[in-house]
Amino acid sequence: MSNFSITVIGAGAYGTALAVSFSKKNRKVFLWGRNKKHMQSLKKDRCNKKFLPKINFPNDLKIEISLKKAIKYSNTIVIAVPSIGFKNILIKIQPFLNKNVFLICGTKGLEPRTGRLLQEVVYDILGRETCLSIISGPSFARYLAIGLPTSMVLANNCIKTCKFLANKLKNKFLNIYSISDLVGVQIGGVIKNVIAIASGMSDGIQMGPNAKTAIITYGLEEMYKLGKVMGANEYTFMGMSGVGDLVLTCTDDESRNRKFGILLAQGYSIENAKSKVGCIIEGYNNIKEILILSCKHKINMPIIKQVYKILYMHQPVKKSILNIFLNKK
């Protein structure tokens, strides 16, 4: 396909970073966001001052104010919006989608209230004939946008299509592996955010590196157990979208979910912690839905349960973190 073109839907930190990275190789990359004032600022400044300050846009990255034009321009649509707004975005873009479009989901989360995987939301709204891929992996926005080496995973049921898209999206700083396990990639991207909250809490009450490493390891086990019963390939969790994303999100200072956990452990209220982080915290948004899945599939997930008790039952942080270890004995 010589006329390859990409539109990224979502002009937050992650969507902007993906668009910047993709435009280092592709000449037709468009970025659209729902806030018109924000998009006009991006167009004027050639930089996302709010979410990724001091990172200038490549010349080949076009800022598009019109959703209709942004969708019609492209044969590849990448959705990078918070999970809470994912369904509404699909409904909005549906009338404008080109036939045989490649749809790539960069959102890490579950459908609110139901706990459904986002692939099921896509198939419900756009049909099961949709050529859907999932992109995930350890890829914090700032590092990706400035061109630091990054490895990600792209999943598609058709491995030939997956390899084609991965080749189009990757560049000398971004490597993208191709796999066919959509379920495993999604589960990894969801669970790691809650584990990162627990990791941050452990750091916030100074439990030490031994405890944090144990939480990460236990978290990988919970990810594996839920993924396996939902039909994922166990080897997916040993890769970039599993242990790779988990380790980064649990240990790096750029992690919103980890910051949120640290602040809660330091005594901040949930609302004040959310405000101080200043961005969407997917682990907080999705924990109820993860519990729905664990109950449905009869999977014991001690970390998920204990973080839930902190967030919704006002259980003290230290008690919950210690309970994680007690439940593992």
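Don't overthink the numbers, they just go from 1 along the chain as shown.
Placement of Cβ uses the backbone N, Cα and C atoms for every residue, glycine included.
Listed in Swiss-Prot:
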- K192: active site, proton acceptor (ACT_SITE)
- Y14, R34, K108, A141, R256, I280, E282: NADPH binding site (BINDING)
- K108, G137, S139, K192, D245, S255, R256, N257: sn-glycerol 3-phosphate binding site (BINDING)
With NADPH as the bound species and Y14, R34, K108, A141, R256, I280, E282 as its recorded binding residues, calculate the greatest Cα-Cα distance and give it in Å as a whole number.
22
Which whole number of Å gives the largest C-alpha distance between any two of K108, G137, S139, K192, D245, S255, R256, N257, the residues noted as binding sn-glycerol 3-phosphate?
16
C-alpha of R256 (NADPH binding site) to C-alpha of S139 (sn-glycerol 3-phosphate binding site): distance in Å?
13
Find the one among the recorded positions K192, D245, S255, N257 whose C-alpha lies closest to that of A141 (NADPH binding site).
S255
Within 10 Å of the Cβ of K108 (NADPH binding site), how many other Cβ atoms are there?
27
For the binding-site residues listed here, D245, E282, which shows the highest count of neighbouring CB atoms within 10 A?
D245
Suppose we draw a 10 Å sphere around the Cβ of S139 (sn-glycerol 3-phosphate binding site). How many other Cβ atoms does it contain, all chains included?
24
So among G137, D245, S255, N257, all listed as binding-site residues, which is physically nearest to E282 (NADPH binding site)? Use the C-alpha atoms.
N257
Cα distance, the residue listed as 'active site, proton acceptor' to I280 (NADPH binding site), nearest Å?
15
Whole-number Å distance between the CA of K108 (NADPH binding site) and the CA of the residue listed as 'active site, proton acceptor'?
10
Neighbours of S139 (sn-glycerol 3-phosphate binding site) among the recorded positions Y14, R34, K192 (Cα to Cα, within 10 Å):
Y14
For R34 (NADPH binding site), what is the tally of other C-beta atoms lying within 10 angstroms of its C-beta?
15
